[in-house]
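Chemist: Have a look at this one.
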Amino acid sequence: MMKTWQAGKRLLPLTATLGLILAGCGREDLSVLRPQGPAAESSFDLMKLAITIMIVVLLIVFSIAAYVLIRFRRKPGQREIPEQVEGNFKLEVLWTVIPLILVVVLAVPTVKAVFAAGNDHSDDKNAIKVKVTGHQYWWEFEYTDYGVKTAQDLVIPAGKDIAFELSTADVLHSFWVPSLAGKMDTNPDGTINRFSFSAPNEGVYRGKCAELCGPSHGFMEFKVKSVSDAEFEQWLASMKSPAVLPEDPELAKKFRSACLTCHAVGDQGVAMGPNLTGLGSRESVAGILLNDDTGVDGAPILDNLKTWLHDPQSVKPGNRMPDPKKDLGLTDEEIDGIAEYLAGYTLD
Amino acid sequence: MAQTAQSLNHARPPEAGHSVKRHTGLMDWITTVDHKKIAILYLWAGGLFFGIGGLEAILIRIQLIKPMNTFLDAQTFNELITMHGTTMIFLGVMPVIFALMNAVIPLQIGARDVAFPFLNALGFWTFLFGGLLLNLSWIMGGAPDAGWTSYTPLSTSTYSATHGVDFYTIGLQIAGLGTLIGGINFLATIITMRAPGMSYMRMPMFAWTTFITSAIILFAFPAITVGLVLLTFDRILGANFFEVGAGGNPVLWQHIFWIFGHPEVYILILPAFGIISEVIPTFARKRLFGYSSMVFATILIAFLGFMVWAHHMFTTGLGPVANALFSVSTMLIAVPTGIKIFNWLFTMWGGQVRFTTPNLFAVGFIPTFTMGGVTGVMLASAPADFQFHDTYFVVAHFHYVIVGGLVLGLFAGLHYWWPKMFGRMLDEGLGKWTFWTFIIGFHMTFFVQHFLGLMGMQRRVFTYLPNQQFDLLNLISTIGAGLMGVGMLFFLTNIFLTSRKPADAADDPWEDGRTLEWTIPSPPPEYNFKQTPLVRGIDAFWKEKTAGHKGMTPSEPVGSIHMPSATILPFLMSVGIFIAGLGFMFSRDTFSSDALSFLFNNYIVTGLGLLITFGSMLMRSLFDDHGWHIEPEELEGR
Amino acid sequence: MTTAHAEAVKGTLPHEPEKATLEGRNKVLAFWLFLGGEAVLFGTLFATFLALRNQTNDGPSANELFHLPLVAAATFLLLVSSLTSVFAIQAMHRNRPALLRSWLLVTVVLGAAFLGLEIYEFSEYVRHEKFGMTTSAFSSAFYTLVGFHGAHVAFGILWISVLIGQLVRKGLTVVTAPKIYVSAMYWHFIDVVWVFIFTVVYLLGKVG
């Protein structure tokens, strides 16, 4: 056992260097290699340890291989028979025991981390409870303690533990925010999962669905917005404030009959499709059309809404929303009107 | 297909003087029960499906070459990834493994055939018709689209409404039957048909790994048989195994699939271990280092392989206890695998390594497979796997193991035994081109995918947003895939050019052959050994060579050799199952023609198919196969 | 293959004719292996059944459904048929083809009676209890597990019947003997599986 720890200690500087190198990889809001919270941190620490051990193993194997292949090539005219070695007990024990020690070095922290990750904070009074439901192809977030439902953008207070309850409304999905935590599947009733993570720093993080769930699996993205406590309280309050409907009464009527039969805004409508309350403040339209006025990562929200509403199938193939024009009979003007209304529906 | 195979296998024993009716041309291939011909059938059929799977891979990589690409639509992409995975594993590499087993195992253990030549043919034909059925889906309303793992509920009829997944369940069921039959056959062959003196601990490593692989097949395949039956019943008969609303449990499918699926990984890789263990000693002119520990490691890997399945399900939510247990048991597999790696390296230590094409592949295998192995250990750590799971990191890992491990092993084996199978040496120059393009392309394709996964790219996405730093790595990956394709073209060219050369390979064309297959002509006569050899030690042929003998000491006088008769029944039985499967699949459909509706909806087509199969079985049982004899005069060439 | 071929050993029948030829020995060995695979197959079906046995989806539960006397009778029939198949093999080893045929016939008749009871049981469930394949996860698991066993029995009946026919035509030889021996192994295997079904499905269904 002593040996094990010494081996572990000797790996430390290498591990640290490795961490620095890997941290250069990928976007801060997306990469596993740039963890932004304790859960992702714990996975990353294990990864660094594992990669270090594995690089040592690879170096040994590669060096022996290189040496053997250079030193023991058959030379021209070499005819004598090499000595037929049956084996070597000591060597064989050596390369059984060393891997075993390496496995123990990795297994001990693994088991510790497994049980640490098992703490789902489901009965922690200070944790924010969020019920996550996967749908083909969007995410629903319900704040059970506050009676608030939203979609696509998960707003959380920075630093607080979030206790998730994960389930699905249809097929299996997997809830994954790489820079904050590992993923967990959303299963149907009977096998519902719970887990927890927190985001100490304020910011927006990218989340993805990681289990094949149909054609638009790759487009089932979402965002995690970590905000200050005050902002979070304010957000909750404005989510609960009465719904804002289009000012034009004709358009409002259309919006009610065409959209609110599946969607909800504030206290109105049906909670079948994604909740639209405060859509103008969201990070994306339909999870995949990123709202970015600078045009670097996406387009202005109004453009995105128009792209989406004029042909949802071309944006997210296989999604369940009826086509506003073909199926719901909305005119181009009405669609644009609704897009403008939704783009302007912001939370203060 | 059969035509090409025919031309490649022209050298045949003398034909005259048999009392039995001999078929020629296509009929010969359909009715053969000779393990050497069945090997060639497996090779061509496997090659065909491998080609299809490869083309699917190229299409997938073209789609992913740049962000938001519109080369393929999302549905087609999902069908392609499903068919790529399913085809490669069940119909591409498995048959090529069986091709080498069939071509080599009876020769290596000094047998004249396998234990059950009839079942051997049956195994091939059921595999082929199962594979054809699966691939018919492309032209019959859509391929399966739920991934090769076909997780429920996505694969149930609610969410996958075409017949795609039915083709998957029934096609795999039929192909799996063939594999199971093959597994039992090789187990029995190795247990009972070894030449005198060949104790278990004198068997060549490839025979050992075939033996263990067959045992894994026997205990793993029935699980997927049941899984596929359950999914079929859910989809066609309306059963509720995975139907949550009626009390079913989708996680059950994951357990059943992986209880089979993980051992399947070892079914694939162990034969490659065996091949490498044959090729490296031959070209190092040294016996395998640590033979007994190699055998022990193989058995241990197989054993552990059955108790690690849930490491595919860490994110399913099995709880910390299960995750911890399965993490540790998975890591343990690194130990026997490590033993093997070092044993190979030390086989070459002190040897005289020759870089022929087969040995290039074998030597390339060691570091490449080690890389796949170490990422496997990383994946075993459950909390880290929460991040790795279902990302391109996993895609990279299993391609390092399956392509960098198994496929390189198969290339080594094919180049190594090609002269034994066909009597012609593959061209060494083209072989080296194949190796370098393939292995460079391979590392280009898959090394970068590790980083894609870690940077947040999940697997099975048909495209991805720009500005995620995924673009360059995906481009490199696609270029690498193209290079692998070029490697395959070199290989095919090599086969074509070689087939036009005279079949003049020596009995022991690599000159340093150690095992029994190199003591007989290339290709061997249909009875393999004129006299069954007496085995006096491990590496039987090498032992005789070093003792100054030219060949083996026979264990019997020259005598009349009994041979099994050719028969068309295995082919017919497989046709029957094929028809039955197709009939069952469409039994709930409405057809435009009443006659068709009548035939399918009343299970008449299914019944007809089963009638053909069971009728053929009955024929086999009622009419004894007395076989025929090759007389001593004939053996002596008159 | 050269030495121990069927034709070479005609005439007097050895004590264990099923193991007289290499083909025969291979057949017996391979059948043991096959039964190993079958054990995994039924093991998986049992695991599935155990996972789903309480998921009745408002349909009938095991306790409401099963009538033990009927099942006990079926069990008795099958157990006795296993015994008669032992007698058949004993008759074969004593080289008494007529007796062998009779015992095989009894085995087939008992098997058919068992199958008849099972079909009756299933049809009762479907007609009177509204308990079909699609009723619940429990019903699917029940019909699949028990039905798989039933299909095995049906195949066994056909198989042994064909063998009786061959015995009549060809007599007891080193070719027919391994077939009979192997079919007896199969029959015992089905019997053992049924003992598990009786315990896990029916008895456990009644108590738990």
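Backbone N, Cα and C atoms are what each Cβ position is placed from, and that goes for glycine too.
Feature list, courtesy of TrEMBL:
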DOMAIN    C:29-206  domain 'Heme-copper oxidase subunit III family profile'
TRANSMEM  C:29-50  transmembrane segment
TRANSMEM  C:70-91  transmembrane segment
TRANSMEM  C:103-120  transmembrane segment
TRANSMEM  C:140-164  transmembrane segment
TRANSMEM  C:185-205  transmembrane segment
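I'm curious about the neighbourhood of these features; can you describe it?
Modeler: When pLDDT values are averaged over the domain 'Heme-copper oxidase subunit III family profile' (C:29-206), the model yields 95.
Tertiary neighbourhood of the transmembrane segment (C:70-91): same-chain residues 97, 99-100, 103-104, 106-107, 110-111, 113-114, 117-118, 120-121, 153, 180-181, 184, 187-188, 190-191, 194-195, 198, 202, selected by CB-CB distance under 8 Å and a gap of 6+ residues from either end.
Panel annotation: around the transmembrane segment (C:103-120), residues 70, 73-74, 77-78, 80-81, 84-85, 87-88, 91, 146, 150, 153-154, 156-157, 160-161, 163-164, 167, 180, 187 of the same chain, lying at least six beyond its termini, place a Cβ under 8 Å from a Cβ of the stretch.
For the transmembrane segment (C:185-205), the list of distant contacts is 28, 31-32, 35, 38, 42, 46, 49-50, 53, 61-63, 65-66, 68, 71, 75, 78-79, 81-82, 85, 107, 111, 142, 145-146, 149, 152-153, 156, 159-160: same-chain residues at least six beyond its ends, Cβ to Cβ under 8 Å.
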Chemist: Same-chain Cβ contacts of the transmembrane segment (C:140-164) under 8 Å, 6 or more residues past its ends?
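Modeler: 41-42, 45-46, 48-49, 51-53, 62, 78, 101, 104-105, 107-108, 111-112, 114-115, 118-119, 122, 132-134, 176, 179-180, 183, 186-187, 190, 193-194, 197, 201.
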